[in-house]
Amino acid sequence: MEEFKWIKMSLFLIPLLHFTAAAGNHFLSFTVRAGDDVTLPCEYVIDGQRTCNSTTWLFSRSGNTVTLFELGQIKEEARVKSDRLSLRENCSLVIKKVTEEDAGPYTCRQFRSGQHQGPDTMVVLSVTMTEQKNTEEIPGGDTKPTTTATTATPESTLTTESSIKSGWWWWTIAVFVAVAALLIITVAVIRWKRAKGNKTLTYENTVRYDVDDDTVIYENLRSPDPHCCCCQRLC
């Protein structure tokens, strides 16, 4: 009966752990036109920060990750566009006059005493650009300009999302294996304890004297077998 209780408990814990792992993913997506300003929010901001001194912003593009702000201070790699980057009081990242090169995934990360705290916030930025202007002839010999717009969403965006989701998926599998191992060990211990309680019946040799004929009778007595109604006597 104990085995079934552990099985039911494990089956309840597995989907709960899976949900907890999935809940750690937090993706936001923004699409803006080139030349516009955008504010990328940062979730899970630690309270009581001064000038965002616990916040770090990262940007990934073409397989490379660049630190834009580290603990509230702009980094050297981002100084070339420091006139377009800034942090708000709530540690959101402000990008002015967005360009195609700004498209990609941004990560907001929290630190406390040098230690990474809580889940990250990932914001995927897509930039819509005006590619070119063409002329289209219309009846009457007139022409009208047409505009073609494209949206820049680097491949690194999809790769980063996929790798993060894959990491959470492997973490879920590891938790599942750990729960299964715990279940197996628990069942094994319960079965071992039961087997120990039902050891092979011990035998005891006793001697009895028959008063009537002065004979010695050897008897082999054993613990009652649940499948037998009486003990057997060996003379």
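Using N, Cα and C of the backbone, Cβ positions are placed for all residues, glycine too.
Annotated in TrEMBL:
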type     : residues : note
SIGNAL   : 1-24     : signal peptide
DOMAIN   : 15-126   : domain 'Ig-like'
REGION   : 133-155  : region 'Disordered'
COMPBIAS : 143-155  : compositional bias 'Low complexity'
TRANSMEM : 168-190  : transmembrane segment
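Summarised as a single figure, the pLDDT of the domain 'Ig-like' (15-126) averages 88. Residue counts of the domain 'Ig-like' (15-126) by helix, strand and coil are 18 helix, 53 strand, 41 coil (DSSP-based).
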